[in-house]
Ligand code: AOF
Ligand code: ZN
């Protein structure tokens, strides 16, 4: 590690950035646990790093402390989430840091899990450890949107993904839609699926496209079989996928598919958190379902892959939604935009 002579704040940001890079290594495998990274620094040198790989396995701090060994004494630990104070599947990380005799702990953000929620910081301070909270908080929180929202509100973080043409069309009138967007955009969808605890689709999409909605990419840095399969939910209020029809469709042949047969999407989302620990939810469906989620204000993030092509006004629109006046329009903030292959990816946050 090169020596750095910046102010303490700049140093804290630098090492927290390294801890965030560690956390990202668990991005596709920790569900329902959050991703967490930890870096141990002794006189400006990284002596240990680690990340939480999977629920049930040790937390980030444990791996980092193990690597640091005796060099953790008097060191500073950088952690992307408040060290836990509870005995869950593993013992409390706050105690592990105390036992290792670190001098200071720098934390990106507090853990809203009611079992932790500030108690980790309290334990550290009681042991005489200097604690700094709030370094690169936004960057660290961006990795755990679902976990954080679910812990705070008991509702999941909902991403709605739509692939469209330049004129906002998703398929020809016949339903033909393979493929409007490029391979790069479809590969990006694999990343979002791999981070999602549940994928919601509609019976209409199942009947029209018979999608698999699985994670099959070999470009995620993790073997697809190591990624927990997202829970599949099919919205089927008209009961079009009765038992007899189910063997016709790939998703329906899965034994764990949930068929949601009411109109109450809020109840569905609350159920996914409460009963299935699904904190990041991806909606991949047609214009009707997209319209329902958007008009009921259940979308946290709209992701649009826009291909630079025109499909004409007979082609299918992206959202079924009929505001009567301009005052009823739905507006978004552009959180991010990037070129993916030949397409544009827009990440939009509802205003
Ligand atoms: C940390 N470091 O690396 C992680 C933490 O079931 P368990 O024992 O794995 O506990 C899971 C909870 O621990 C999880 O909900 C979150 O509050 C915290 N995650 N904490 O100190 C870590 N992954
Ligand atoms: Zn822990």
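Just so you know, glycine gets a Cβ as well, placed from its N, Cα and C.
Just so you know, TrEMBL annotations are computer predictions that nobody has curated.
Going by what TrEMBL states, the substrate site holds 177, 213, 216, 284, and the candidate of 186, 193, 274 recorded there is 193. Listed in sequence order, the residues 36, 60, 61, 62, 83, 90, 92, 94, 96, 120 complete the 8 Å Cβ shell around the Zn(2+) site centroid, once 59, 84, 93 themselves are left out. For residue 290 (NADP(+) binding site), the same-chain residues lying six or more positions away in sequence with a CB closer than 8 A to its CB are 160, 162, 283, 318, 319, 320, 321.
Taking 61, 93, 163 as the recorded positions under consideration, the smallest Cα distance to residue 177 (substrate binding site) is found for 163.
Rounded to a whole value, the Cα-Cα separation of residue 292 (NADP(+) binding site) and residue 59 (Zn(2+) binding site) is 39 Å.
Reported as a whole number, the C-alpha separation between residue 93 (Zn(2+) binding site) and residue 61 (active site, proton donor) equals 6 Å.
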